[in-house]
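Scroll down for the structure; my scribbles are underneath it.
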Amino acid sequence: MKNINPTHTQAWKSLEAHKAELSNTTIQDLFKQEKNRFDDYSLTFNNQILVDFSKNNINQTTLSHLRQLAQECALDSAKEAMFTGEKINRTENRAVLHTALRNRTNTPVLVDGKDVMPEVNAVLAKMKDFCQRIISGEWKGYTGKAITDVVNIGIGGSDLGPYTVTEALRPYKNHLNMHFVSNVDGTHIAETLKKVNPETTLFLVASKTFTTQETMTNAQSARDWLLKAAKDESAVAKHFAALSTNAKDVEKFGIDTNNMFEFWDWVGGRYSLWSAIGLSIALSIGFENFEALLNGAHEMDKHFRSTPIEQNIPTTLALVGLWNTNFLGAQTEAILPYDQYLHRFAAYFQQGNMESNGKYVDRDGNVINNYQTGPIIWGEPGTNGQHAFYQLIHQGTTLIPCDFIAPAQSHNPLADHHNKLLSNFFAQTEALAFGKTKEEVEAEFIKAGKSLDDVKNIVPFKVFTGNKPTNSILVQKITPFTLGALIAMYEHKIFVQGVIFNIFSFDQWGVELGKQLANRILPELTDSEKVASHDSSTNGLINQFKTWR
């Protein structure tokens, strides 16, 4: 990948000038100027996903400059570098090949001259066999009973991706009950264990190194809980599987290494649900549906890799997002799914985006001080959010671009629930774009029989300025295929922005310092002695903790 400071490109300079030209043009104005705006600013994928980006402060000139920016920042060669296994994660000297995990064509993908696809397919075949044994009831626990509950123990990408997907695809779940434990807070594992029976519970321990503090602490507590009931060490092998590469420690824990599913250092945690880390997904929805998830992602990979920039959905979303943050001043983006099954989708891409692009040092090692990298990502399902934080989106002083996501078809078509849900989905983007003027507010009062003199003091508070940018992502139906495509779409959006920001999107050094300090503090918490080895604030907090515990 080439290291190019985006602000040194001609396109960036053109965008800065263009921003001034557009400064007095609103989204309302743009819709008046361009009669076919919806047709010209929307894209479809596989006739199953519609992405409408027309309600943004952009015109064709904006898009032209943004596309030129992508070209000047060598996006095309960066894409090929990723897909062909170049070590684009330079700070860890690793390839970035989550796309190989869902490479359904089996076209060779080389890392250090070796095709990774045979190993990928071997793990998938092993996962398929394991799923069949668990789901069919062939696999038995220590008392001869079939498995009824699966507890995935992981953290970060080993938890959030599988949890998000199993929740999103609950309509496809089988009889197995899925549970996810991530937090090292003992409450998380304790409350989960209250819900399950040791005789019929399978634990998946998801840790590549089998040394992750939170995961191994929870796994050890689960092991202790099982053995308290089973009273026989041999029971561990019947109730635990590992998603790991550390065979020595897996075996030492008591897990049969035949039930260890490996993945590779070219799979980043937040991009790992497509790997063995997705075993909980495959157990929940069945392996055929897991393959459909991979198929959807693979189709989006092909779209991203080969579709021209003008019709390229992930690239377009990335460029529009970059325009909103770096030229219009937005610091956050909201992801607002109008689908209760997608209730963890925003949290998943909060990790995906912020851990990838939350960087302040560029690929040359220079501090970035003249442009903004990754935005803050947040969100909740609609319509809940409407009764919580939409007030600020509509009438606050902060610009918050939003992605609205909704399925055209519901898995639960109860009465008129879905029409009511979707009426809100459509209404919100219309309200955010077009607002309500003072004159419209006054006309409403007059129509209601009110005197303008009586209501003049309330009128300003009912005005909506509009001109708030949104994308609308309408999915025909949330299926394993479309969900796979949707997730891959956001993954590639993150990649494109990282390329243009000139940062390394696939490391996460920012998580290390806190872990190092926690390891230093942990031994200090074992006794009641006062500490004085830190700053006065940290000393004071630790000492008060010791007094109160």
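Each residue, glycine too, has its Cβ placed from N, Cα and C.
Per Swiss-Prot, the feature active site, proton donor maps to Glu355. All protein chains included, Glu355 (active site, proton donor) registers 22 other Cβ atoms within 10 Å of its own Cβ. Reduced to three states, the DSSP call for Glu355 (active site, proton donor) is helix.
Every protein chain shown contributes to the tally, and the Cβ of His387 (active site) ends up with 9 other Cβ atoms within 10 Å. The active site annotation in Swiss-Prot covers His387 (among others) and rests on sequence analysis.
According to Swiss-Prot, the active site annotation covers Lys515 (among others), on the basis of sequence analysis. Look at Lys515 (active site): DSSP puts it in a helix.
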Lys515 (active site), number of other Cβ atoms within 10 Å: 12
Integer Å distance between the CA atoms belonging to His387 (active site) and Lys515 (active site): 37
